[in-house]
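Asker: Below are the features listed in TrEMBL for this protein:
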DOMAIN    7-317  domain 'FAD/NAD(P)-binding'
DISULFID  CYS43-CYS48  disulfide bond
BINDING   LYS52, THR139, GLY140, SER141, ASP311  FAD binding site
BINDING   GLY177, SER178, GLY179, VAL180, ILE181, GLY182, CYS183, GLU184, GLY266  NAD(+) binding site
DOMAIN    349-454  domain 'Pyridine nucleotide-disulphide oxidoreductase dimerisation'
ACT_SITE  HIS444  active site, proton acceptor
Amino acid sequence: MPDVSCKIAVIGAGTAGLAAFRSARELTDDVLLIESGPLGTTCAREGCMPSKALIASAKVAATARGGESFGVKTSVKVDGPAVMKRVRRLRDHFVDGVIEGYRAIPEAQRLRGRAKFLAPGILDVGGRRVEAERIVIATGSEAVIPGDIAEATGGRFMTVGDIFELHGLPERLLILGSGVIGCEIADSMASLGVEVSCLSKGGDISFLSDPLVKSAAETILKGHFRLLPDAEFELLGWEGDVFSVKLAEGDGPQTEGFDAVLVATGRKPSLNDLNLEKAGLELDDQGTPQFDELTRLCRGSEDKPVFIAGDADAETMVLPRANWTGEAAGRNAANWPSVGKADAPPTMGICFTEPSMAQVGKRFSEVEDRDDLLIGCADFSDQGRAICEGRNEGILRIYGSAKDQKILGAEMIGPDAEHHAHILALMLRQEITISEAQEMPAYHPVTEEGLRTALRNLSD
Ligand SMILES: Cc1cc2nc3c(=O)[nH]c(=O)nc-3n(C[C@H](O)[C@H](O)[C@H](O)COP(=O)(O)OP(=O)(O)OC[C@H]3O[C@@H](n4cnc5c(N)ncnc54)[C@H](O)[C@@H]3O)c2cc1C
């Protein structure tokens, strides 16, 4: 006899799991939400929200420091402990809100403990046996720590969640990795007066794939902190409170010391403890389930259906995607065997540096080989409103199809990039033609005029 049996078990009470739970519960009460970790979701506890709280303080510092060029004299002193206290206060506020929602779920529908598969449709949750007709995997993701970094640091490093636990700001911060998290933390810490070196291998800058946008981003960010996205370096290790790195830059190798090390070398799905080999699923050679993107059904699980949602599926790891994949997985689990294909929104990525970087729809790397490719570009260095505000840097590139007369996607760095990406996402969602998009209204003077310029010069 199982300890618990239910129609649907959702593993993980993060954004995707909560969305799956909610959408399944609209159709049946027989749903169990299983969670092992601290409650509150990655977004609120160590992701989107505390990082944006830190960035908000950084933005105030950068604006105040730049006041003189506007004829406004200020003297700026960053109070590190106060900045970090505010970050934690806001983080706790967001986490508490999520926990309140979780506690409102009837006790019979939630279970605390680590879930792992014993067989298809059967889980062990902290020693209790749970039998479920259908299961949703929404276990999120975790930081990747490369072996050489773990070894050189002897485990003495921070991942992004640890940053928000700091009670003051380090003087010299080494960030390994120039992806979205590396760039956001590097840019904000530098604005707060921390001496930041962000080193990476391979040349990536956030999610950008368009060489022109990437090159603009590299130039802009290099003006804020030391950024070496394809660096030659050797991690030497800690000596007392100083972590040393041998770095080839300029005149040759030099050794430098840092007070703190942040590892931001990417994230991987948290699937290791699930015993997926016992779940009867088709797995790839990384052990990730194969699934249908729109139904969220894992291949090989048709007898005992398993759905997957959020960061756990190893695709683009962002919150809006965790939400819609969670909703789709929960709804299809409840409706099984009748499954619907979810209406996937256009992909969007935003990296909240100042100025921000954004990507919407197809990336350049996905469209560059098309023989009907149209590209429209706007250069913000000469954009009226951006000049008035001293934010005139960056470029925006939009990709279109000459054959279909449709917008395909865009990449950008520049003033208000996060908002331009949203306008373009709406256009993609509405599937409007290029000529309809070119009629986009814009007030004056606004940075949206830059977006309209790029749309108007979409050509091959
Ligand atoms: C620093 C940072 C900044 C970010 N900024 C943004 C941003 O600005 N915008 C944006 O859109 N996205 C951002 N993201 C990404 C976003 O936070 C994630 O995509 C989203 O939170 C993923 O939600 P999830 O439900 O898949 O995972 P999670 O919220 O991590 O939920 C997974 C849950 O599963 C539980 N779990 C795992 N294994 C088991 C098990 N075996 N049994 C039981 N429970 C288990 C975990 O404890 C966890 O609670 C950021 C991420 C980070 C790290």
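For all residues, glycine too, the Cβ spot is worked out from N, Cα and C.
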Asker: Measuring CA to CA, name the entry from the recorded positions LYS52, THR139, SER141, HIS444 that ends up nearest CYS183 (NAD(+) binding site).
Answerer: LYS52
Asker: List the same-chain residues at least 6 positions away in sequence whose Cβ sits under 8 Å from the Cβ of LYS52 (FAD binding site), in sequence order, or say none.
Answerer: PHE352
Asker: Which Cβ among the recorded positions (CYS43, CYS48, ILE181) has the fewest C-beta neighbours inside 10 Å?
Answerer: CYS48
Asker: Given the binding-site residues GLY140, GLY177, GLY179, which one has the fewest other C-beta atoms within 10 angstroms of its C-beta?
Answerer: GLY179
Asker: Going through the recorded positions GLY179, CYS183, GLY266, HIS444 in sequence order, which have a CB under 6 Å from an atom of ligand 1?
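Answerer: Not one meets the Cβ criterion.
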Asker: May I ask for the distance between the residue listed as 'active site, proton acceptor' and CYS48 (disulfide bond), taken between their Cα atoms and rounded to an integer number of Å?
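Answerer: Rounded to a whole number, the Cα-Cα distance is 32 Å.
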Asker: Considering only the recorded positions CYS43, CYS48, GLY177, which residue has the minimal Cα-Cα separation from GLY140 (FAD binding site)?
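Answerer: Nearest by Cα distance to GLY140 (FAD binding site): CYS43.
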Asker: Measure from the Cβ of CYS183 (NAD(+) binding site) and count the other Cβ atoms within 10 Å, all protein chains considered.
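Answerer: There are 30 of them.
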